[in-house]
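Taken from TrEMBL, the feature substrate binding site applies to 147, 303. Residues annotated as ATP binding site in TrEMBL: 223, 276. Feature annotation from TrEMBL assigns compositional bias 'Pro residues' to 10-22. For 1-51, the entry in TrEMBL reads region 'Disordered'.
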Ligand SMILES: Nc1ncnc2c1ncn2[C@@H]1O[C@H](COP(=O)(O)OP(=O)(O)OP(=O)(O)O)[C@@H](O)[C@H]1O
Ligand SMILES: Cc1ncsc1CCO
């Protein structure tokens, strides 16, 4: 007799990366907070987080399952196993149906039409490491980039563009002045602004600049990896570079904390907060989207985050009336491009080329087919 054991679908809980609340408050007290909570400000209670969906693709034909189970000789065990599998498949079908329904709320068609109808112009004040890739990625979505960072001209450039990216990657004193001038000009004209606090935990200069920019400019979107967003929120000063620290990785155990952090930050800054990584998170403080597109290799080439800043700016510049949805679409699109590129690439060099190829062919139909977006309130 063959025994079939159905393994438990959910992984064992992992130890939390974040200390419990009492310890956290001790750590926070010793830090200078960029967004200190007001005494009387109600903090959102933690929301329950749904368990990660079981990665099981329901087979189209249950008869196939039954006939495979034919190898089990005992009728009772065969039936028992079959009904268990049916149960799992049903739950997965329900989950997939729910996901599809939730996704219907984002009108990908309209978002892509808007980008490709008008030539959206994006002004970037960005770093010299990835500037060329950012410009090409903006072209790939059908928008038009202009990279300009001298304070003598940034106000004029911003004035004629639909959106602006401020990326702190290779910060210089002169560009800080340009960032402030451009950001204020964009705010006055109602143009949309994306902020990427690259490596904000790496130096005092970066941290002070981020605080100054956040004080003087209203950003519509703030995007960073988990370490960058945590530094902005908690004011932590444990040095790290432009990549996320391994210890900060978002897991099922700390997801609730990260969601709360992002929501609080969105409310305080009135910006859509985007935290990228294995699972991307997008929130305006109320609605939250968790995006499961993308591949690990995207973090092995520099600038996928910077490229995403440009893509987000293009999407919101063309869709100012649906910023949250446009940002979510941009983030998911980037992940889908990564998945495609991973299939085609022979290494990290060609990964970048395929990433760009994919973005230039991205459309609503591909989004419908491949996006993994879960929405919560
Ligand atoms: N482990 C991962 N699995 C899947 N996708 C990932 C992973 N890490 C990063 N990504 C994807 O890579 C892109 C960039 O995210 P990341 O968090 O690496 O940005 P970043 O650190 O700001 O990048 P950079 O500074 O190099 O521009 C996003 O689209 C994200 O979804
Ligand atoms: C590697 C690097 N250093 C400063 S900016 C940058 C590109 C990724 O953010």
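Glycine is no exception: its Cβ is also placed from the backbone N, Cα and C atoms.
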Packing count at residue 303 (substrate binding site) (other Cβ atoms within 10 Å of its Cβ): 23
Surrounding CB atoms that lie within 10 Å of the CB of residue 223 (ATP binding site), all protein chains: 31
Annotated binding-site residues 147, 223, 276, 303, filtered by Cβ under 6 Å to ligand 2: 303
Secondary structure of residue 276 (ATP binding site) (DSSP, helix/strand/coil): strand
Assigned element (helix, strand, coil) containing residue 303 (substrate binding site), judged by DSSP: coil
Neighbourhood of residue 147 (substrate binding site), C-beta criterion under 8 angstroms, separation at least six: 124, 125, 126, 131, 134, 135
Residue 276 (ATP binding site) CB neighbourhood, other CB atoms within 10 A: 25
Length of the line joining the Cα atoms of residue 303 (substrate binding site) and residue 276 (ATP binding site), in Å: 12
Local backbone state of residue 223 (ATP binding site), from DSSP in three classes: strand
